[in-house]
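Listed features, source Swiss-Prot:
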- Asn14, Asn67, Gly77, Asn78, Asn166, Asn199, Glu217, Arg218, Gly227, Thr228: substrate binding site (BINDING)
- Cys76: active site, proton donor (ACT_SITE)
- Cys226: active site, proton acceptor (ACT_SITE)
Amino acid sequence: MNSFRFTKMHGLGNSYIYVNQFEEHLPEELLSDLAVKVSSVYTGIGSDGMILICPSDRAPVKMRIFNSDGSEGKNCGNGLRCVAKYAYEHKLVEETSFLIETLSGLVKAQVEVDEGKVVSATVDMGEPRLLKSDMPMRGEQGSETINEKMIFGGREMKGTAVSMGNPHIVFYLDDIEKAPLTTMGPLIEKDERFPEGVNVEFVEVENENELHFRVWERGSGITQACGTGACAAAVSSVLNGYSKRDTDITVHLAGGDLIINWKNDGRVMMTGPAETVCEGEFFIS
């Protein structure tokens, strides 16, 4: 294989290179290295990683996500919306509501269509998991981490841990523009308390229905948006008394807005845009 076709898509600036494995059949042994190569802004296409849209025995399509460092992730909210858009527009599915298989399980997606094009997608992100063992996170495995004091690099911080199929730790501050992403993000991501690493979110509460959000993503660093992170931020804000259940919460990310609702039945719904940037052919060197 000397080349493959790709589609670059983004959800609020969180961009990935999407590959249709129904047609391309990239070999397993190349996936990690290819993710690193295509993600490079210097020698590749430029993205936060690579997402494969694959056949599935359990759903119409399966999503596999590889971060820009080559590691494989379990879930990606922005990626799910883009996969939903791609699957519908490329006729991999016929209905506007369908399932997507991920490493975290089956996810239900609903697309909003205008003149044959998907303009937004709502994804059922499932139920948040709050125990340390769910993250995983070192400590008392049967306990939750809500507004818990922690020390990172000599700095005391209060964090809330939420798993949305991948691990998140949420911190609150008064001014989102002062979020210490470059200093604290990589330090916390690789802290020994999180044996598999962690996504790091900083949140400023505007009011009970609006949050300002910045993220350091595990395996990718600073990104414009993180769908599972926005879900974790909304769940954390309910747990800490800033927001309410069964209410639309607008999360303002660097790349735009997502609507998150932690329903009374326990499931978290995420609504937002998905856009195609370009299509092309990538040559493997």
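Glycine is treated like the rest: Cβ placed from N, Cα and C.
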Report task. Go through Cys76, Cys226, the listed active-site residues, and name the one with the sparsest Cβ surroundings, counting other Cβ atoms within 10 Å. Result -> Cys76
Query raised in the report: DSSP on Cys226 (active site, proton acceptor), three-state: which is it?
Result: coil
Query raised in the report: Rounded to the nearest angstrom, how far is the Cα of Cys226 (active site, proton acceptor) from the Cα of Glu217 (substrate binding site)?
Result: 8
Query raised in the report: Roughly how many Å separate the Cα of Gly227 (substrate binding site) from that of the residue listed as 'active site, proton donor', to the nearest whole number?
Result: 6
Report task. Can you tell me how spread out the substrate site is, meaning the largest CA to CA distance among Asn14, Asn67, Gly77, Asn78, Asn166, Asn199, Glu217, Arg218, Gly227, Thr228, in Å? Result -> 17
Report summary line: CA pair Asn14 (substrate binding site) / the residue listed as 'active site, proton acceptor', Å rounded to integer, equals 7
Report task. Specify the count of other C-beta atoms within 10 Å of the C-beta of Asn14 (substrate binding site). Result -> 30
Report task. Would you please pick out, from the binding-site residues Gly77, Gly227, the one with the fewest other Cβ atoms within 10 Å of its Cβ? Result -> Gly227
Query raised in the report: Under a criterion of Cβ-Cβ distance under 8 Å and sequence separation of at least 6, what residues of the same chain contact Asn166 (substrate binding site)?
Result: Gly73, Lys74, Asn75, Ser104, Asn199, Arg218, Thr228
**Report entry** 8 Å Cβ shell about Asn14, Asn67, Gly77, Asn78, Asn166, Asn199, Glu217, Arg218, Gly227, Thr228 centroid, substrate site members excluded
**Finding:** Gly73, Asn75, Cys76, Gly79, Val215, Ser220, Thr223, Cys226, Gly229
